[in-house]
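Read the structure below first, then the notes.
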């Protein structure tokens, strides 16, 4: 190995680091910047592990580099090195030190594992039932009598006790800034708790391969101050779902003919409350359509017309057969839902 | 339609075999063709080469799949390969790389080297050895046929249910996965069994267990892991197959099934599998480092026991793949501690390698570069492994790109570097000529830099919230640049592989004869000609120490003392039955895939028929006479 | 391999342990033990699956309602006896007594067949009672575990029969000895698996 080549390697490594640092000064959602207690607990442990492992890597690298430079075969040197069998002392050293390092990691690991598995006190916690579907999230607040989808509202500073299950395949619930993930398995209910320490909108992802649109099964957690959260709850409990204009009235009719068997809207006198697809109560106030597109009129039409192009494999059928008027009325109705 | 195709193929096959439909001349021409020799071979050296070719072809396929995925991820919301297509790519990439690349390439080296290293003329079961190869090939082909006939498996290499059931994965994609793996899995199992028996029963006089080269040792332990690790996969695949093809309800929640059973069975297999592919690589590294440092392996005995311990613990840790399944803190804690424990024997290995280098005279050949490059790379993969062992950390890492980065560090930085080191190291022994060192070094540096460029930053992708197995990300995630660097790195690796292929062609055209011992080797394989004669050793050597050849060299001798006089050597006959049997398995698999249970069953019946044909065959092999051996040996020394 | 004994002369009488007299024989015996190890793991997985799913009988009959211990006990006795007869067969082989070997292996095959007959009868009964492969997860797990065992019995019966045909043609020699030995080893294994099935599936099914 010539000196030039080693230099090239070193430089390219640095180049990668430099690029990386410029590229990710502010990643949107980072495990390193937790906004909740669980996330902080995870991070504490991650950092402990990183420190220990950096130490291990440093020791290995120092010996490694030293050995490679010091013990190269010099040209013309054909002597036979001393054949060493081993060394009891040295080998004991690298058995015992790793054990000690692992013990240092193991103790907080165990205590954190158990604290994260605790069930929060009934009174202090908000209960949310999460049901995953291909490819959307259903959030139910059993104590408040609210059902919503794609956008999870939680109060700041309060533990949220999740009950997680799936309606079809295995999914995994992950809000990187608030904490770790938990699988949602059909036929099984898992629990976990999270909280948010400051208000904000936190991105959530499905982390277990669940089908064609696994990559797009996004959701958002909106953490609000208790007061604002209560307002939101009040509004969800008494939604304004009845049409105000003739256009909206016509839209409701289109809805009842085409959408009702899958989608529910609370606070209306529709005959059925579909439960195969997201509950659309107050959809105009959500940040996103389908958890993915910015909530505006253009995107709503795009989604209604060609959902399969936006989320491959979605169960939502295409509604491009609606005539222009029906489409506009339907949109007007949906956009009036508060 | 498909059924008809299968039926026609089957009828042709049946007709040709049973009636001997071709005339005698045809048969004779068939038999004298060079291809027939390769199809019927039971010589472990040739089977090794076959594994090498098969593994390389699948490596190229799996690599192209990887490049397509990285291309898709170059921009956020790219629409090059989306949805199910992307899922098919990731599933086939993972499955191919593990089952049809890593394992066969290791089997290639094991076949080529182990009998030579223990001083054996053959493996214990030459017939099974050939069968193992053909089953692997049939399984691999069957699975890759899915690209041509309809759709490929799309539920990841882990094939989690219910997403892999009919209801959620329409078409026959998963059936290819299930049957392809089932068939190649049988091949792997008997391959592993063959090596265990070979190593236990066929060692030359004096080759005690604690004098075996470390590659033989690690392959031995790895074979034992295959033996006990593959049956859970077999069982699991049966359950999925029954659910998909025959309406069973193992995983259907509505009928009382439980999808977590599959996860357990898969990972009871899956974790040992990781050690199955890494342990032989450890062995290769030990051989290469020791040879090119001109030093005896530091702490040989502790290396052996570390290997055994890793193998044993490998079965105790599968739940760390399932920390987020919700099995409670007690189970998670127990398996966390067990997983961390594996770091200890692994650490022993790393430090023993470093201290083998310490005080040596290091020669940087390409093989050695790969071995040396392996150490820091594998240490990185190892420490992230310990980080993953801690459940609260894992809740964040799990199923994110952090995991992707971790296992590529282990599987490429460990296994692939190991395989490439082994290929450069043993190529002269297998083929009789050396690979070009200049191209080799270029190949190494491109691969090494490309590899780190692709995967190092993926650790951060995971920590910045990018789940694995996603076909896209959103612009607001701010992970575009990292993905682009990663993609560029992937293409750099592809260039490195192209250089490797050029090297093979170039070195073949400008052959530099290797001689018996091009590297100043230490073990038995370097005492015989390259490539070795069909019987390997004219006289079995008498082993007097660890690193037997080196020991004799140090005592001023040029070769080992023979343990027996020259005499006729018994060799097994070539046979076409392994090929035939694998073909029958293939037809059966294809039948089940096309939901034609009759064809599937017929194929299986034919498998048993071939089995009984073999049982009734009185195959006593043949003898190579003394004068022929002497002639060959003289020819070699001239 | 070079140290192989010439096997063309069978009449010269066999050594004390003919199955281990040749390198090939030794390899086969060791290899077969290992294969049985792998089979054990596979059966363990099916047992595990069964235990996890045996409660999920859905609309079909439960384990208590279903199992008829007397008939299963009869099956058990038959299979255990067949294990014994195969031991006597191997004993005959060790004594170089061709007739004794053939007779007792023949009895083993017959007992194996009667076991299979009983099992098929039992399955037919169960299906009539509504316990089917596709009816529930319990059904799937039950038939997979027992079916795999049954398939092993069937394979064993066929295998031993084949060996007997071969032995009729070739007599008892160093080639045949390891084959018979392995077949009997296999038969014991199948028997042991059945003992576990009897305990874990039937007895525990009656109790719980």
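Glycine is no exception: its Cβ is also placed from the backbone N, Cα and C atoms.
Since the structure is predicted, the reported quantities are computational estimates derived from the model, not experimental observations.
Checking TrEMBL for transmembrane segment across the ranges B:28-48, B:49-69 points to B:49-69. Among the residue ranges B:600-616, B:617-633, the one that TrEMBL annotates as transmembrane segment is B:600-616. The stretches the transmembrane segment (B:89-114) and the transmembrane segment (B:439-461) are not in mutual contact, being linked by fewer than three Cβ pairs under 8 Å (pairs 6 or more apart in sequence). Highlighted: of the candidate stretches B:126-149, B:297-318, B:401-427, B:439-461, B:600-616, B:126-149 has the greatest count of Cβ pairs under 8 Å to the transmembrane segment (B:176-202). If you look at the transmembrane segment (B:214-241), the same-chain residues 6 or more away from its ends with a CB under 8 A from one of its CBs are 106, 109-110, 113-114, 117-118, 159, 161, 164-165, 174-175, 178-179, 181-182, 185-186, 188-189, 191-193, 195-196, 199, 248, 250-251, 261-262, 265-266, 268-270, 272-273, 275-277, 279-284, 286-287, 290, 297, 300, 303-304, 307-308, 310-311, 314-315, 592. The average pLDDT the prediction assigns to the domain 'Cytochrome oxidase subunit I profile' (B:30-544) is 95.
Within its own chain, the transmembrane segment (B:126-149) is flanked in space by residues 2, 40-44, 47, 50-51, 54, 58, 61, 92, 95-96, 99-100, 103-104, 107, 111, 172-173, 176-177, 179-188, 190-191, 193-194, 572, 575, 577-579, 581-583, 585-586, 589-590, 593, 614, which lie at least six positions past its ends and keep a Cβ under 8 Å from the stretch.
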